[in-house]
Amino acid sequence: MRRNIVAANWKMNGSRELVESLVGGVKAGVAKLDKDVEVVIIPPSLYLADVEKAVSGSALQLGVQNVARWESGAYTGEVSAQMASDVGCAYALVGHSERRQLFAEDDVQVAEKVRLILASGLVAIICVGETLEEREAGQAEQVVARQIRAALADVSGEGWKKIVIAYEPVWAIGTGKTATAVDAQNMHANMRGLLSELGAPAQEISLLYGGSVKPDNAAELFAQADIDGGLIGGASLVSDDFVRICGAV
Ligand code: PEP
């Protein structure tokens, strides 16, 4: 059985005050849910220690938003996968569209990061998704398949247990537009088919949907056969909304 996962990507938002109020609310709310769901909080790296303290005693997991392409050394400003693991992270996001678009992260870099994330014992949440132009040109499946093939090029054996893929159509991130549940399911089913082709244990790999997931659309998305949870941006900054999304799994 694959895990249901709901992950909160805070992006570059937050403060110590927010950590306290938001994580406190999420911790209390998730504890009351009668759901089999792994909840992951992914704050800016500077607040990882604060969030780790705030989640202690709960089942909430910690994740990092990005890691360096290198193990260690003279890379000012970077944070390694090993460091993320050292401070208590269990998950690492990689290939988020904001990293791909604003920081020119390409498929090769994503694959390098996936390798380092797995080597550090973390679970990689690999983000993939097409732009609006690519969708309108009928290339959505092709783009997502290319991104997945590249990211997983070096994954095999036990490594598959540390892979989660989040389908996030770029046009749906932070825009209030969501893929229809049917379109999202079709893409997830294609992705699972591709994973099988690549020799992965496809039925055991959690596939998440991301892109303007809110309390009122989460249940329909999560009810789809191949959608195993969500990667949540904006709505993860409001504890009641995020808890309702976790409860929709
Ligand atoms: C994200 O940042 O991964 C995301 C899905 O953002 P939002 O939920 O705000 O669209």
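Note: Cβ is positioned from N, Cα and C throughout, glycine not excepted.
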Per TrEMBL, member of G57, G174, G193 binding substrate alongside N9, W10, K11, S212, G233, G234:
G174
Work out how many Å separate N9 (substrate binding site) and E168 (active site, proton acceptor) at their Cα atoms, rounded off.
12
If you skip the near sequence neighbours and keep only those at least six away, which residues in the chain come within under 8 angstroms of K11 (substrate binding site), Cβ to Cβ?
P44, Q65, E98, G233
Between G174 (substrate binding site) and H96 (active site, electrophile), what is the CA-CA distance rounded to a whole number of Å?
13
What three-state class does DSSP give G234 (substrate binding site)?
helix
Between S212 (substrate binding site) and H96 (active site, electrophile), find the distance joining the two CA atoms and give it rounded to the nearest Å.
14
Those binding-site residues among W10, G174, S212 lining ligand 1, judged by a Cβ under 6 Å from any of its atoms, are G174, S212
